[in-house]
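Peer 1: Dropping a structure here in structure tokens format, bear with me for questions.
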Amino acid sequence: MLRLITQLSEAQTEIKRIAARTHSEQVQHQEATVREILQNVRRQGDEALLRYTLEFDQVRLAPGDLVVGAAELDAAYQRVSTSLLKAIRLAKQRIEQFHRERICKSWVQFQDRGIVLGRRYTPVDAAGLYIPGGRASYPSSVLMSAIPAVVAGVPRIVLVTPPNPEGKINPAVLVAAQESGVHEIYRIGGAQAIGALTYGTRTIAPVSVIAGPGNIYVTLAKKLVYGEVGIDSLAGPSEVLIIADSTANPVFLAADMLAQAEHDSLASAILITPDGRLAERTIEAVDRQLENHPRRTLTEKSLANYGLVIVTADLAEAAALSNLFAPEHLELEVEDPWELLEKVRHAGAIFLGHATPEAVGDYLAGPSHILPTSGTARYASGVGVETFQKCSSLVQYTPQALAEVGEAIDALTAAEGLPSHGDSVRLRLQQYENPHSPTQQQQEE
């Protein structure tokens, strides 16, 4: 089931294949469907949302059912266990503590001649958070997306998630949303939810930024609306890449690989090690742990299609293969992970050492688990406070400072053929030099 590869060229080919697993002709067909859904939501608003909820979720809603009301929110607390509520609050505390250290702070710099330069950070007006739902429940994704928005100071935070077959939202999701500070919750999902957040409907006001993971339809919808709203990233199937040496425990490695593969049939789990015996023992451990796995069929399919065990010449070669893949999650299960870290350039989140399984980061370590996938860690980052903030440059000049750069600006504007740019400086300097002389406009009047 798990393929063992010992040739570098074959390993490179397979890693590229797995990284491109979402790029298919089927995606092109799905994009056409998503485009139609978005257009209908833009034109028909709530009517389209209700129709698509019935079609895709098999749930019939009335217009007033889209919003999750106070009674359902209050009742959610009665339907979660004390242990789960305690875990949600612990996760919230740790996630919030981490993100408070990441707030982008405004600054100004005072230079000679009275020049002031700086940057001013402000939150977006409204953030939309997409949380997968239906039969599944992901309260951790609520915490990981909502808390950075709250810390950023976003005044309106909206959460959308598809209902279950009874038309309800999982109580754990509702509790996590309330604990995190979400302001509005709507029971809609899929591409239609992204359309509602982008264009607005009678019930749902539009937002400025959309964040959160979803299926291929949600991802394509985010891709198509980007530019009208901001987005965090285009999420693909989940993935983990583990670099291990002889100090690693194959039982732990197998568990970490299965933890990724059990997500869905497109998930990827890759182990790279210079220790051939460790590679073989890990494959054996995977087989043993799969015997009574409750999601065995799905997990086996994932491992068969997108699971690899690669034996390399050394750890440097392993790091090079990891950089080629640019994984969402990277585990460094080696004797000195901080030394190996120096060779790592591309990864969404990096877990260092034998006692740091990815699951710690998935739930409560602090950094968001909403991370770049499908090789996008080469240029993208995970969700954070900065996802919900934007920056304005600050510039102030005095007449004296403007005079010192006037000649340079005049030369540059002349080179670009933009005379009014030059005039905007020249006219000011003329007035500053002769404050009592009339400007050209005054002369013409």
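Using the three backbone atoms N, Cα and C, a Cβ is placed for every residue, glycine included.
From a predicted model like this one, the values you see are computed outputs, not experimental measurements.
According to Swiss-Prot, the record shows the following:
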type     : residues                                               : note
BINDING  : Tyr130, Gln192, Asn215                                 : NAD(+) binding site
BINDING  : Ser238, Gln260, His263, His329, Asp362, Glu416, His421 : substrate binding site
BINDING  : Gln260, His263, Asp362, His421                         : Zn(2+) binding site
ACT_SITE : Glu328                                                 : active site, proton acceptor
ACT_SITE : His329                                                 : active site, proton acceptor
Peer 1: Take the C-alpha atoms of Glu416 (substrate binding site) and Asn215 (NAD(+) binding site) and report the distance between them in angstrom, rounded.
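Peer 2: Cα-Cα distance, Glu416 (substrate binding site) to Asn215 (NAD(+) binding site): 47 Å.
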Peer 1: Between the Cα atoms of Glu328 (active site, proton acceptor) and Ser238 (substrate binding site), find the distance and write it as a whole number of Å.
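Peer 2: One finds 7 Å between the Cα atoms of these residues.
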Peer 1: Nearest by CA distance to His329 (substrate binding site): which of the binding-site residues is it, out of Tyr130, Gln192, Asn215?
Peer 2: Asn215
Peer 1: Fewest other Cβ atoms within 10 Å: which of the binding-site residues His263, His329, His421 wins that one? Let me know.
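Peer 2: Among the binding-site residues His263, His329, His421, the sparsest Cβ neighbourhood within 10 Å belongs to His421.
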Peer 1: Let me make sure I understand the span of the substrate site: among Ser238, Gln260, His263, His329, Asp362, Glu416, His421, what is the greatest distance between any two Cα atoms, in Å?
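Peer 2: Largest Cα to Cα distance for the substrate-binding set is 56 Å.
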Peer 1: Sorry to bug you, but what's the C-alpha spacing from Gln192 (NAD(+) binding site) to Ser238 (substrate binding site), rounded to the closest Å?
Peer 2: 23
Peer 1: C-alpha of His263 (substrate binding site) to C-alpha of Asn215 (NAD(+) binding site): distance in Å?
Peer 2: 12
Peer 1: Across all the protein chains here, work out how many other Cβ atoms are within 10 Å of the Cβ of Gln192 (NAD(+) binding site).
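Peer 2: A count of 29.
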